[in-house]
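Visitor: As annotated in Swiss-Prot:
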DISULFID  53-67  disulfide bond
DISULFID  60-71  disulfide bond
DISULFID  66-75  disulfide bond
SIGNAL    1-22  signal peptide
């Protein structure tokens, strides 16, 4: 019985400690995510989802065009 109570107290303490030591800005995490999504809807050209790159075996000019980042006349 004592061991069970001790385990419950330990779990509650560790749970509380996790919340206390969490990232200070975590309370605004959803708000920041919403603002970022709203910005991407207003400026679709700036969205990271619109990033286009070439798959391996496709001809390329620079490494920036390849999804892997490696270009030697063909994306690697």
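Any Cβ shown, glycine's included, is placed from N, Cα and C.
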Visitor: What does DSSP say about residue 71 (disulfide bond): helix, strand or coil?
Guide: strand
Visitor: Among all the protein chains here, how many other CB atoms are within 10 A of the CB of residue 66 (disulfide bond)?
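Guide: Around the Cβ of residue 66 (disulfide bond), 20 other Cβ atoms lie within 10 Å.
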Visitor: If one measures from the C-alpha of residue 67 (disulfide bond) to the C-alpha of residue 75 (disulfide bond), what distance in angstrom results, rounded to a whole number?
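Guide: Between the alpha carbons of residue 67 (disulfide bond) and residue 75 (disulfide bond) there are 8 Å.
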Visitor: Write down the Cα-Cα distance for residue 75 (disulfide bond) and residue 53 (disulfide bond), rounded and given in Å.
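Guide: Pair distance, Cα basis, whole Å: 10 Å.
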Visitor: Does DSSP give residue 53 (disulfide bond) helix, strand or coil?
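Guide: The residue in question, residue 53 (disulfide bond), is coil (DSSP, three-state).
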Visitor: State the count of C-beta atoms found within 10 angstroms of the C-beta of residue 75 (disulfide bond), not counting that atom itself.
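Guide: Result for residue 75 (disulfide bond): 20 other Cβ atoms within 10 Å.
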Visitor: Restricting to the same chain and to sequence separations of six or more, state which residues have a Cβ under 8 Å from that of residue 60 (disulfide bond).
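Guide: Result: 54, 66, 71, 73, 74, 75.
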Visitor: Let's check the environment of residue 53 (disulfide bond): how many other CB atoms sit within 10 Å of its CB?
Guide: 13
Visitor: Identify which of the disulfide-bonded residues 67, 71 has its Cβ surrounded by the largest number of other Cβ atoms within 10 Å, counting every protein chain shown.
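Guide: Result for the most crowded candidate: 71.
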